[in-house]
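Following: one structure in structure tokens, then a few remarks.
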Amino acid sequence: MNPNQKIITIGSVSLIIATICFLMQIAILVTTVTLHFKQYECDSPANNQVMPCEPIIIERNITEIVYLTNTTIEKEICPKLVEYRNWSKPQCKITGFAPFSKDNSIRLSAGGDIWVTREPYVSCDPGKCYQFALGQGTTLDNKHSNDTIHDRTPHRTLLMNELGVPFHLGTRQVCIAWSSSSCHDGKAWLHVCVTGYDKNATASFIYDGRLVDSIGSWSQNILRTQESECVCINGTCTVVMTDGSASGRADTKILFIEEGKIVHISPLSGSAQHVEECSCYPRYPGVRCICRDNWKGSNRPVVDINVKDYSIDSSYVCSGLVGDTPRNNDRSSNSYCRNPNNEKGNHGVKGWAFDDGNDVWMGRTISEDSRSGYETFKVIGGWSTPNSKLQINRQVIVDSDNRSGYSGIFSVEGKSCINRCFYVELIRGREQETRVWWTSNSIVVFCGTSGTYGTGSWPDGADINLMPI
């Protein structure tokens, strides 16, 4: 090859290499520009139209780093559209309950600044569970904790923390309330907060951190609500509220709420005679509540709520092993599904149960007369057969030598089914423990399991002699 041919060959190769490099740079530039603009677009699965990310609620902001040769491109992955919860999955099949959480608030109060509370409950958004309680406007090691046995003061507020985090000084005070309920509709939290004078209280409806609606007392006798989670189906949330006598006829209404706005109010109908402090759970396409009859029955009222047409029905749990306290012993207790049993009906305690086909799972104090101990079990035929008493799968949650209190249900949606969980309030202090002047609580939480489980007891555990007076 002569010199001229060498020069031509080298030049041709160089030109080809330069052309390839030029085309690569153009490809990189096009890719960079495309990815840059695509970070502001999302494909809608419904109609394949391009929609801006901006109006979509972002639950988690995920950043993906893409490396192309020496160029770094930062691309935001658009989140999926947040939707209302519909709770349409079936209920999980369980064999019993397994330990889930315990906050040890009273034990921690012996050496730290922990709120004085009562009326706790648990509720979950689609990704995380939270514990709530009504604070008394004071910590335990504080002279303001004296005489906190009283239920209704203007200083009480609804507290909210992640489940398992005790109510420390940094805890968020969601609203002013001496009675409350909370639930998440899939997009935001709804809080129902009752406060004010006994004869003229106000219920505030707070949605997504904003006051949206309110309603005043309709019977001028302690307007009150569930003290556990409400339930939202396809954007409509239901909450049971009562105003009137705690030991006689009262006026119960079921409120239907959409994004904090009251859209309908239905009166209680059916055979339930007295309804308070309902523990509600989704039973698609409706909502079912197990409540407290503080007037006539130690068997628990059932309230069925139709979310679509706002209709209401009520009855009583059929199980002859009844769930309220005080109650008759199991040999002499009765329940025939439709009416209160007129057995030690005056007074009571908040509790829960849920149907499982024809059977019923339930929890109650071990003591028949006081808020001591706690047990759960399943009653065969307890949902459909009057006065059924065949008990299986009994578990002790708190032994009979230790105090319990209110209890309630909450629901957790899994990949294939909806699990039922419950909490137990572990009350300490006055009236029973007179060495101290305060009344407060901790909680223990269990959830349904399809596995095996052992035995134990999970009381509050604080030594009252080590506690601030």
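For all residues, glycine too, the Cβ spot is worked out from N, Cα and C.
The topological domain 'Intravirion' annotation in Swiss-Prot covers 1-9.
Sequence annotations record features per position, and here Swiss-Prot assigns region 'Involved in apical transport and lipid raft association' to 11-33 based on sequence analysis. For the region 'Involved in apical transport and lipid raft association' (11-33), the model gives a mean pLDDT of 64.
For 31-469, the entry in Swiss-Prot reads topological domain 'Virion surface', with the evidence type sequence analysis.
The annotation region 'Hypervariable stalk region' is assigned in Swiss-Prot to 36-88 on the grounds of sequence analysis.
What Swiss-Prot lists as N-linked glycosylation site is N61 (among others), and the listing cites sequence analysis.
As annotated by Swiss-Prot, N-linked glycosylation site applies to N70 (among others), with the evidence given as sequence analysis.
Classification of N86 (N-linked glycosylation site) by DSSP places it in coil, neither helical nor stranded. Sequence annotations record features per position, and here Swiss-Prot assigns N-linked glycosylation site to N86 (among others).
The region 'Head of neuraminidase' annotation in Swiss-Prot covers 91-469, and the record cites sequence analysis as its basis.
For R371 (substrate binding site), the Cβ neighbour count at a 10 Å cut-off comes to 20, with all displayed protein chains included. DSSP assigns R371 (substrate binding site) to coil in the three-state reduction, placing it in neither a helix nor a strand. As annotated by Swiss-Prot, substrate binding site applies to R118, R152, E276, E277, R292, R371.
A simple way to gauge crowding: the CB of N146 (N-linked glycosylation site) has 13 other CB atoms within 10 angstroms, across all the protein chains here. The secondary structure of N146 (N-linked glycosylation site), as reduced to three states from DSSP, is coil rather than helix or strand. Taken from Swiss-Prot, the feature N-linked glycosylation site applies to N146 (among others).
In the three-state DSSP assignment, the secondary structure recorded for D151 (active site, proton donor/acceptor) is coil. The feature active site, proton donor/acceptor is assigned by Swiss-Prot to D151, with sequence analysis given as support.
According to its DSSP assignment, N200 (N-linked glycosylation site) is in a strand. Residues annotated as N-linked glycosylation site in Swiss-Prot, with sequence analysis given as evidence: N200 (among others).
Proximity of N234 (N-linked glycosylation site) to non-local residues of its own chain (separation of 6 or more, Cβ distance below 8 Å) is seen for Y84, R85, N86, V307, given in sequence order. The N-linked glycosylation site feature in Swiss-Prot is assigned to N234 (among others).
Within 10 Å of the C-beta of D293 (Ca(2+) binding site) there are 22 other C-beta atoms, taking all protein chains into account. D293 (Ca(2+) binding site) falls outside any helix or strand according to DSSP and counts as coil. Marked as Ca(2+) binding site by Swiss-Prot: D293, G297, D324.
The annotation N-linked glycosylation site is assigned in Swiss-Prot to N402 (among others). Under a cutoff of 8 A between CB atoms, and with a sequence separation of 6+ in the same chain, the neighbours of N402 (N-linked glycosylation site) are S372, G373, L426, S457, P459, D460.
Feature annotation from Swiss-Prot assigns active site, nucleophile to Y406; the stated evidence is sequence analysis. Counting only same-chain residues six or more apart in sequence, the Cβ atoms lying under 8 angstroms from the Cβ of Y406 (active site, nucleophile) belong to R118, E119, P120, E227, E277, V349, K350, G351, V424, E425.
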Env. residues of Ca(2+) site, Cβ within 8 Å of mean position of D293, G297, D324 Cβ: H274, R292, N294, W295, K296, S298, N299, R300, P301, Y316, V322, P340, N341, G345, G348
R152 (substrate binding site): tally of other CB atoms within 10 A of its CB: 17
Distance, E276 (substrate binding site) to D293 (Ca(2+) binding site) (CA atoms, angstrom): 6
Proximal but sequence-remote residues of the same chain as G297 (Ca(2+) binding site) (Cβ under 8 Å, at least 6 apart): Q273, H274, Y316, V322, D324, S335, N339, P340, N341, N342, E343, G345
Site of maximum Cβ density within 10 Å, from recorded positions D151, E276, E277, D324: D324
Inter-residue C-alpha distance, D151 (active site, proton donor/acceptor) and N200 (N-linked glycosylation site) (nearest angstrom): 16
